[in-house]
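Step one of this worksheet: look at the structure below.
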Amino acid sequence: MICGIDEVGRGCIFGPVLSAAVVFKKKPNFIKELDDSKKLKKEKREYLSSLILENSYYAFAEISNIIIEKINIHNATLLAMQTAYENLKLNCSLVFVDGKFVPKITAKTVKAIIKGDSIIDEIKAASIIAKVKRDKLMDEYDKIYPLYLLRKNKGYPTKEHKNAIKKYGVLSLHRRNFKLI
């Protein structure tokens, strides 16, 4: 079994970093439609996400802004990837993770692939379902904190988001040790 893992929210100043791990049950017929989630329009991501969820074993892991502040974003990202894999509860012979660094995963072979979310189908799939899940989470937070425009900025440090922080203050879900806060 081959597993792909990716994260989303690393560059955000609000909310968790979220990782997904994906193992296809069998090679899906939509494989050629997969791409890095950042390159896909929202509607296409959501469509593919539903197909991925139907045709794969998958798991997610979120690491809160509180933990990010304690262990830093790099370590939090690796922990999210490790936890997503552990949550799968599968023994994979090969695990691909997006990026330069390998999390602590007990699999026969674990490889970090730079730009893996554009190269490895399982990482592409993980990228898509992670982005869709985190975007939906930000949409829910937007209902609670509408002045911060989270539906639009998804927690990233846009000009509007930074202006909202200046005007309304830092929320408990902001990553307080990020330089932009």
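Any Cβ shown, glycine's included, is placed from N, Cα and C.
Worth saying up front: this structure is predicted, and the values here are computed from it rather than measured.
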Additional site residue, ASP98, ASP121, ASP135 [criterion: listed by Swiss-Prot with ASP6, GLU7 for divalent metal cation]: ASP98
Residues that sit under 8 angstroms from GLU7 (divalent metal cation binding site) by C-beta distance, when 6+ apart in the chain: VAL17, LEU18, SER19, ALA20, THR77, ALA80, MET81, ASP98, GLY99, ALA130
Candidate with the highest Cβ count within 10 Å, taken from the binding-site residues ASP6, ASP98: ASP6
Beyond the site residues ASP6, GLU7, ASP98: chain residues whose C-beta lies within 8 Å of the centroid, for divalent metal cation: ILE5, VAL8, SER19, ALA20, THR77, MET81, VAL97, GLY99, GLY116, ASP117, ILE123, ALA126, SER127, ALA130
